[in-house]
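Colleague: Before I ask anything, here is the structure I am working with.
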Amino acid sequence: MPTLAVVGLQWGDEGKGKIVDLLSSEAEIVVRGQGGNNAGHSVIADGKEYHFHLIPSGILSSAVICMIGGGVVIDPASLLKEMKELEDQNISFDGRLWISPYAHIILPYHRLLDAQSEREKGGAAIGTTGRGIGPCYSDGVARLGIRICDFISPEIFKSKLRSILPIKNRFLEKPIEIDEIIDEYTIYAEKLKPFVKPLEVELASEIKRGRKILFEGAQGALLDISYGTYPFVTSSHTTSGGLALGAGVGPQSIERTLGVIKAYTTRVGNGPFPTEFHEGETSLDPKTAREFGTTTGRQRRMGWFDTVLVSHAIRLSGVSSLALTKLDVLDQLPTIKICTGYQLDGQKWTFPPPCIEDLERVTPIYEQVEGWQTNTSEIKKLEEFPKNVRLFLNKLESLLEIPIDVVSFGPEREKTWKRKPFF
């Protein structure tokens, strides 16, 4: 059963898109299982830059079938826009994009309620992307959601909207007319209907046949709705278990899990960040490090690598091995810090306190290693890494008790070292 999940082990933006693109050349099917267009990443392939939010980045490999599972929330306008941009870059979707009928759709009131909620929270705002992801997932739980199977059936769509919209209008600052939504979304439905297929049935069949399947996670484990830095989290389960559920397969269908980590830590928006850089602590520059969100354009907060949080994420997803990205960003640092534990109220912690009020009070315990101050962007083999790079990688493997099988040292495909094939 050659199946592999790729999941993020920090607060998202770990470089999963590049890793999935790299491994897609070995796979036959790539499946996205959770999140929405709040996720985003860029991939540089053959000198071109591609941007992804909903479509699996495996679409760049011409022989790969890409699937959007029932656990994903889909903004039809955003999906069609993304498809058009990729088609303009000569990417074909003919027979290669499948959409689950179980996926919920994002409607205009979801985006409005998302923005309204953030405004009302004021200083306590979470810092969402404003894409309506949370309200859409909430409607699913409240049995007020509209799914793709409803959306592509005009009469069912109208019927459900007639019963749901009055409930939503009670909470909106400015009510929405039903005809506005129907006129707009009918056009979207006609364009997307050819891509809707019994994905879960076909996926189960392909797994039995032994096809090479890559499950693509979105965001990162520290944003998981249950086990992340709650309430500063996303609205879905971002672990391998959540990915399996969202793809419509049992957990045993995923044979191995590759966890993606940066050589340092970043997060977007509000919430605790124990190892965040203090002003003047490092010469790392967000611009040269390319630390601006693909979805929001916001500058990411930056900090040192945190083994406490990453170990927590490894446990949550049952990770088999690691892919470390953005090693090159650390190239010019004379020394590098690695957080190996926390101090809190006179006690040492080797796992994160569940309560964010406690997590905000921890003092990181650091080990310091020597930097390599060498350009790593042209490296081809493990033996070519400077000695201090290999010591840094060995240190992380020892602290995390798991092997690093992929190292990325630049945004381009070729700037990657891989220990072995994954399929």
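Just so you know, glycine gets a Cβ as well, placed from its N, Cα and C.
So TrEMBL says this about it:
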type     : residues                                                                                       : note
ACT_SITE : ASP13                                                                                          : active site, proton acceptor
ACT_SITE : HIS41                                                                                          : active site, proton donor
BINDING  : 12-18, 40-42, ARG300, 326-328, 408-410                                                         : GTP binding site
BINDING  : ASP13, GLU14, GLY15, LYS16, ASN38, ALA39, GLY40, HIS41, THR129, ARG143, GLN219, THR234, ARG298 : IMP binding site
BINDING  : ASP13, GLY40                                                                                   : Mg(2+) binding site
BINDING  : THR294, THR295, THR296, GLY297, ARG298, GLN299, ARG300                                         : substrate binding site
Colleague: Give me the CA-CA distance between GLY297 (substrate binding site) and THR129 (IMP binding site), in Å, as a whole number.
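Modeller: Per the Cα atoms, GLY297 (substrate binding site) and THR129 (IMP binding site) stand 10 Å apart.
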Colleague: Whole-number Å distance between the CA of ASP13 (active site, proton acceptor) and the CA of GLN219 (IMP binding site)?
Modeller: 7
Colleague: Given the recorded positions ASN38, HIS41, ARG298, GLN299, ARG300, which lie close to LYS18 (GTP binding site), meaning Cα to Cα within 10 A?
Modeller: HIS41
Colleague: What is the number of other Cβ atoms found within 10 Å of the Cβ of ARG298 (IMP binding site)?
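Modeller: Its Cβ has 13 other Cβ atoms within 10 Å.
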Colleague: To the nearest whole angstrom, state the Cα distance for the pair GLY15 (GTP binding site) and THR129 (IMP binding site).
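Modeller: A Cα-Cα distance of 19 Å.
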Colleague: Between the Cα atoms of SER42 (GTP binding site) and GLN219 (IMP binding site), what distance do you get, rounded to the nearest Å?
Modeller: 13
Colleague: Give me the CA-CA distance between ARG300 (substrate binding site) and GLY12 (GTP binding site), in Å, as a whole number.
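Modeller: Cα-Cα, rounded: 11 Å.
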Colleague: Rank aside, I only need the closest one: which of the binding-site residues GLY12, GLN299, PHE409 has its C-alpha nearest to that of ASN38 (IMP binding site)?
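Modeller: Minimum Cα distance from ASN38 (IMP binding site) across GLY12, GLN299, PHE409 lands on GLY12.
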Colleague: Any idea which of the binding-site residues ASN38, THR129, GLN219, GLN299 has the thinnest Cβ neighbourhood at 10 Å?
Modeller: GLN299
Colleague: How far is it from GLN219 (IMP binding site) to GLY12 (GTP binding site), counting Cα to Cα, in Å?
Modeller: 4
Colleague: Here's one to test understanding: among the recorded positions GLY40, HIS41, THR129, ARG298, GLN299, whose C-alpha is closest in space to the C-alpha of PHE409 (GTP binding site)?
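Modeller: Checking each of GLY40, HIS41, THR129, ARG298, GLN299 against PHE409 (GTP binding site), the shortest Cα distance is to HIS41.
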Colleague: Tell me, how many other CB atoms lie within 10 A of the CB of GLY12 (GTP binding site), whichever protein chain they belong to?
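Modeller: Step by step: centre on the Cβ of GLY12 (GTP binding site), count other Cβ atoms within 10 Å, giving 29.
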Colleague: Does DSSP give the residue listed as 'active site, proton acceptor' helix, strand or coil?
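Modeller: SS state of the residue listed as 'active site, proton acceptor' = coil.
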